[in-house]
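A.B. asks: Have a look at the structure that comes next, please.
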Amino acid sequence: MWGRDVSPLFGVGNPGCRAVGGRRTTGRWTLDALWSFVVNRREQLLVDSYLHVSAVVQSLALATVIAVALGVLVYRSPLGSAAATAMAGAILTVPSFALLGLLIPFLGLGVGPTIVALVLYALLPILRNTVLGLSSVDPAVTDAARGVGMNRIRLLTTIELPLAWPSILTGMRVSTQMIMGILALAAYAKGPGLGNVIFSGLSRLGSPNAVPQALTGTVLIVVLALALDGVLVLLGRLTIPRGIRD
């Protein structure tokens, strides 16, 4: 039983088959197999990683523009802010498979439905933080700016948005982590990225490369998510004045 030989569970020991549920299988993997898969597929993994990051960055940029513009329009109205946030929240509750299924008849397979779905999912954190950041600007600061003759547009671009930027950036970081994982599911819609690596491995469970393939895709997504978050943290250090940051 368990006390006799558990080493095959970890891919060590004598080669051969192990019993799983009364059946014999050779679908084991080892760290050597994992490393071998990464080395042999490194070019394709680099391409898929680039496509994954590219789709996330494009979606994040579009979502930020839309969410900030919408936040600017509604933040002075409690009703408008609540309605906009509720709509963005409602989109977030739709399962990703269902949303992709709704978009495919109109946009087809591939990049189109993937980017649209990611943009929709990324809206809520950025929109909510935009409204929060703009609403938190000290009225005394805006009153002083009006007192020196600033018009509405200049007040927004030189005072309100810069002061709200730390909050907006926090929303962008949350959205980035969220859509980084959601993008993997877009493989079912022929979307780009590392989801294809993961689900290709899962579809071949039992073969020697199945687990290494799925695990490689998963680990790469985690690493890329941490790397993008680090880039956004660095962006904050470069763009947020020390007085606001502290």
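Cβ atoms are placed via backbone N, Cα and C, with glycine included.
I grabbed these lines from TrEMBL:
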{"type": "DOMAIN", "residues": "49-232", "note": "domain 'ABC transmembrane type-1'"}
{"type": "TRANSMEM", "residues": "50-75", "note": "transmembrane segment"}
{"type": "TRANSMEM", "residues": "82-104", "note": "transmembrane segment"}
{"type": "TRANSMEM", "residues": "110-127", "note": "transmembrane segment"}
{"type": "TRANSMEM", "residues": "182-202", "note": "transmembrane segment"}
{"type": "TRANSMEM", "residues": "214-235", "note": "transmembrane segment"}
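I'd like these features described in context: how deep, what's nearby, how far apart.
C.D. replies: Using a Cβ-Cβ cut-off under 8 Å and counting only residues 6 or more beyond its ends in the same chain, the transmembrane segment (50-75) has close neighbours at 81, 83-84, 88, 111, 114-115, 118-119, 122-123, 126-127, 130-131, 134-135, 156, 161, 168, 171-172, 175-176, 179-180, 183, 186, 191-195, 220-221, 224, 228.
Among residues of the same chain six or more beyond the transmembrane segment (82-104), those with a C-beta under 8 A of the stretch's C-beta atoms are 67, 70-71, 74, 112-114, 116-117, 120-121, 123-124, 127-128, 131, 182, 185-186, 188-189.
Away from its own ends, the transmembrane segment (214-235) comes close to residues 34, 37-38, 41, 45, 48-49, 52-53, 56-57, 169, 172-173, 176-177, 180-181, 184, 194-199, 201-202 of its chain (Cβ-Cβ under 8 Å, at least six residues beyond either end).
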